[in-house]
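Take a look at the structure set out below.
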Amino acid sequence: MLLSLLFLLSTFAFGALTQPVPAKSENNVQFLHSKNKKRFYDYSTELIRGVNIGGWLLLEPYITPSLFEAFRTDENSDAGIPVDEYHYCEALGSEVAESRLEAHWSTFYTEQDFKNIASAGLNMVRIPIGYWAFKTLDSDPYVTGKQESYLDKAIQWSKDAGLKVWVDLHGAPGSQNGFDNSGLRDHWSFLEDENLNLTKEVIKYLLEKYSREEYLDTVIGIELINEPLGPVLDMDKLKEYYQFGYDYLRNELGSDQIVVIHDAFEAYNYWDSTLTVEDGSWGVVVDHHHYQCFSSDQLARSIDEHVSVACEWGTGVLTESHWTVAGEWSAALTDCAKWINGVGYGARYDGSFTKDSESSYYIGSCENNEDVSTWSEERKSNNRKYVEAQLDAFELRGGWIFWCYKTETTVEWDLQRLMYSGLFPQPVTDRQYPNQCGF
């Protein structure tokens, strides 16, 4: 999830393009599949239609607010409520935190969920997990060593249901972005030596384990790090980290597993010069995340403007040389979901957002936001239009992975509720508003 600092990135210009997908060429990494005859998933011909398993093995307050509401002492204030998993574990202590998290892990997702995902016409899941599941810093309060067994269960459930999997390193020590979904909010020091060294230890373990023969028919990508916040990071060091992960996989392990790199919120084609064919690289996916709800300017757009931007997300990647997938996106046209911007921050949409020097203004009401039965027909149709435009755009290239499959209370971020309410196509190819983008 792309949260509190992301509004800084909302001013990117999305220029509409009309080029077709480029012809197969040895200069395009995504087209080396046929040349190398590798067994990996061919993202140029096999479309991804997936969903994220968010808020399970790595907590996000807005996905499971009940875990965090247990700390509330004042119905009018979020004071004292942990803002992320780090502070959740710190507040409870290791024994109680482990007990509560075990109860969450064992119930929030079960095998039936993965069967339901497949039955809904999807073919892939992306599973976020934090570094602390495998190893921690001495000062970390996290519960560790327990999440991996659930990850392995999920991979087996996926295999049994006919789903493919991305294993996504979603949180790095020191945080890579300052978002609560990294485990530690308002920090971004993962490229400091101690933190980077531990990140490398963890990613080496993930690459080694999930590139083994028994996983290769199901795990079709390992994401080296989720959403590194490019504007506040040393991009040269980030590129070195990406190169490290790629080299370890190809040269040390000799594996043809797929490497997934997030775009770090850089512009289209930025990564064309990284892990290139000329350097001998292949089997690389660039992961783009797209939202229009984390700045007041975005929230104030008309539905036609929202749809136009969504369409440009599709055309914008047509000339990128790597495989590309939209690894996160949602139906959100508001930021009204409780704690979507973080515990204690409010919503820009209704003007209640405050953080540091940033304020907000009233755009619309958040009342009854999570009760679809109260929505106007116009609002329902607008959400459906927005979803369909994104589906059309993302299927111009490698496909999409919706964020996320389920939450405790939200609608715009909950694929189950959206499908049940008729706001997400079923089947996923159904269109009430065809040809919005004119592709």
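Using the three backbone atoms N, Cα and C, a Cβ is placed for every residue, glycine included.
Secondary structure from DSSP puts Glu227 (active site, proton donor) in coil. Marked as active site, proton donor by Swiss-Prot on the basis of similarity to another entry: Glu227.
Summarising the annotation, Swiss-Prot assigns active site, nucleophile to Glu328. Other Cβ atoms within 10 Å of the Cβ of Glu328 (active site, nucleophile) number 25 in total over all chains. Secondary structure from DSSP puts Glu328 (active site, nucleophile) in a beta strand.
According to Swiss-Prot, the feature disulfide bond maps to Cys311-Cys437 (among others), an assignment based on similarity to another entry. In the shown protein chains, 21 other C-beta atoms lie within 10 A of the C-beta of Cys311 (disulfide bond). Mapped onto three states, the DSSP output places Cys311 (disulfide bond) in helix.
All protein chains considered, the CB of Cys366 (disulfide bond) has 18 other CB atoms within 10 Å. According to DSSP, Cys366 (disulfide bond) sits in a coil region rather than a helix or strand. Positions annotated as disulfide bond by Swiss-Prot, on the basis of similarity to another entry: Cys336-Cys366 (among others).
Look at Swiss-Prot and you will find 1-18 tagged as signal peptide, backed by sequence analysis.
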Quick check: in three-state DSSP terms, what is Cys437 (disulfide bond)?
coil
Mind giving me a neighbour count for Glu227 (active site, proton donor)? Other Cβ atoms within 10 Å of its Cβ, every protein chain shown.
26
What is the nearest of the recorded positions Cys311, Glu328, Cys336, Cys366, Cys437 to Glu227 (active site, proton donor), using the Cα of each?
Glu328
Would you say which of the disulfide-bonded residues Cys336, Cys437 has the most Cβ atoms within 10 Å of its own Cβ?
Cys336
Could you check which of the recorded positions Cys311, Glu328, Cys437 is the closest Cα neighbour of Cys366 (disulfide bond)?
Glu328
In whole Å, note down how far the CA of Glu328 (active site, nucleophile) lies from the CA of Cys311 (disulfide bond).
15
